[in-house]
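Take a look at the structure set out below.
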Amino acid sequence: MLDRDGVINADSDAYIKSVDEWHPLPGSLEAMARLSRAGWVIAVCTNQSGVGRGLFTDATVNAIHAELQRQLAPLGGHVDGFFYCPHPPEADCSCRKPKPGLLIQAAAALSFPLQGVPFVGDSRRDMDAARAAGATPVLVRTGKGARTIADGAGLPDWIENDLMAVVTRLLNDD
Ligand SMILES: O=P(O)(O)OC[C@@H](O)[C@H]1O[C@@H](OP(=O)(O)O)[C@@H](O)[C@@H](O)[C@@H]1O
Ligand SMILES: [Mg+2]
Ligand SMILES: [Zn+2]
């Protein structure tokens, strides 16, 4: 399971509001393709409060995800499911990370167990969502990761520079 902004693509404090603002991080698409080629199921679990804030629409989120799939396909990569929370923080929904709702949805929809499955993120709320879901939290230094590490709270044991480093360890341990 992967967080999106800051793990797959560059993040922005101004939100990723369009396909034009969506730029894969170096190596992230190849890392995802390596997982797909090795038979792994990939779920993307992402907060997209920009929808609830009126900054962009569900259609834009879906267009960004279609673009990700389009760029993954020639590499042999594929995302098996996208799960996102469109709600603003004040909605107090059950799916916004750090709550585990997105991860629980993904595991149910794609029929995989949460126990022992890595959730790779760049923020404290990703780590907390993973722990709440019974998954394995993995922090990367890309996106907000360096800031998350500097904050120092709630850090997992497993920290890597980027998604490619996580995938290399996963596939070597397999
Ligand atoms: O990292 P994931 O979950 O894939 O997506 C994060 C985005 O939804 C946005 O989340 C926002 O947090 P608030 O939702 O405004 O608290 C901000 O951190 C933005 O910079 C960021 O682009
Ligand atoms: Mg993120
Ligand atoms: Zn939600």
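Start at 1 and count along the chain as shown; that gives each residue its number.
Cβ coordinates are placed from backbone N, Cα and C, and glycine is handled just like the others.
In TrEMBL, annotation is done automatically, which means it is predicted and not curated.
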Per TrEMBL: Mg(2+) is bound by Asp3, Asp5, and from Asp80, Asp92, Asp122 the site also lists Asp122
Among recorded positions Asp3, Asp5, Thr46, Lys97, Asp122, close to ligand 3 by Cβ (under 6 Å) are none
Integer Å value for the Cα distance linking His87 (Zn(2+) binding site) with Asp122 (Mg(2+) binding site) is 20
Taking Asp5, Thr46, Cys95 as the recorded positions, the residues having C-beta under 6 A from ligand 1 are Asp5, Thr46
Candidates Asp5, Cys85, Asp122 (binding-site residues) passing the 10 Å Cα cutoff around Lys97 (site 'Stabilizes the phosphoryl group') are Cys85
